[in-house]
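Asks: Handing you this structure, nothing more for now.
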Amino acid sequence: MKIGIVGAMAQEVEILKNLMADRTETRVASAVIFEGKINGKDVALLQSGIGKVAAAIGTTALLQLAKPDCVINTGSAGGVAKGLKVGDIVISDETRYHDADVTAFGYEKGQLPANPAAFLSDKKLADLAQEIAEKQGQSVKRGLICSGDSFINSEDKIAQIKADFPNVTGVEMEATAIAQVCYAFNVPFVVVRAISDGGDGKASMSFEEFLPLAAKQSSALVLGMIDRL
């Protein structure tokens, strides 16, 4: 099995990249794909760049060139569900766009034409992620993760997203685009991200301060998954 891993930023993939043996590097547009072995397992690690378009470009290149059997999206997220704190883990059961709106034509909020309203994560991958996170002593919340091309940093923005998607756990900028590409290529995926901020007015300062912790927590979980896949 070859495991595909996607992170947007250099900080989000650095730990995993540095553990990779026999590493090769391929650049496609703004994306970088590192291939090699981690703990003896074949891994293709994508640093996609930030945002939905960059994530879609990179994930398409990853699936076409490296041909992984599954995809794990790692990195950081804003925690909006009650009780989440910095360093906690969110695992996707499904992902949706919070900034897509074609409701004028009868689609659900967040749904794009010719696509499902939600992209469902692979249950086996999500179950495995939850099992490993709990064994590692990490605090975990599982459910809906919403994506959009905005860094959420105000209570008003959170309130709007929660009004549209009451069950949302975390918000970020790439996961649903990655999920849409995986759906199109019929490749199982899951999102495992660590909370870096609360999406509120202090989010930008919190993100800068706690991104290294979020990267460490999410990378530890991904490493545990690699060992089991």
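Heads up, the Cβ atoms here are built off N, Cα and C, so glycines get one too.
Per Swiss-Prot, the feature active site, proton acceptor maps to GLU12; the stated evidence is sequence analysis. Annotation comment: Swiss-Prot describes ASP197 as active site, proton donor, evidence class sequence analysis. What Swiss-Prot records for GLY78, ILE152, MET173, GLU174 is substrate binding site.
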Asks: Compared by Cα position, which of the recorded positions GLU12, GLY78, ILE152, MET173, GLU174 is the closest one to ASP197 (active site, proton donor)?
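Replies: Looking at Cα distances from ASP197 (active site, proton donor), the smallest one goes to GLY78.
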Asks: Quick one: pull the CA-CA distance for GLU174 (substrate binding site) versus GLU12 (active site, proton acceptor), whole Å only.
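Replies: GLU12 (active site, proton acceptor) has its Cα 13 Å from the Cα of GLU174 (substrate binding site).
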Asks: What is the Cβ neighbour count of GLU174 (substrate binding site) at a 10 Å cut-off, with all protein chains included?
Replies: 32
Asks: What is the set of residues, excluding GLY78, ILE152, MET173, GLU174, whose C-beta falls within 8 angstroms of the centroid of the C-beta atoms at the substrate site?
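Replies: Neighbours within 8 Å of the Cβ centroid, excluding GLY78, ILE152, MET173, GLU174: ALA77, SER147, GLY148, SER150, PHE151, VAL171, GLU172.
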Asks: When you measure from the Cβ of MET173 (substrate binding site), which residues in the chain that are at least 6 apart have a Cβ under 8 Å away?
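Replies: Non-local contacts for MET173 (substrate binding site): ALA8, ILE50, GLY51, LYS52, ALA55, SER147, GLY148, ASP149, SER150, PHE151.
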Asks: At the Cα level, what's the spacing in Å between GLU12 (active site, proton acceptor) and GLY78 (substrate binding site), rounded?
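Replies: Their Cα atoms are separated by 14 Å.
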Asks: Going by DSSP, is the residue listed as 'active site, proton acceptor' sitting in a helix, a strand, or coil?
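Replies: It is helical.
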Asks: Could you measure the widest C-alpha to C-alpha distance across GLY78, ILE152, MET173, GLU174, the residues recorded as binding substrate, and give it to a whole number of angstrom?
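Replies: Largest Cα to Cα distance for the substrate-binding set is 13 Å.
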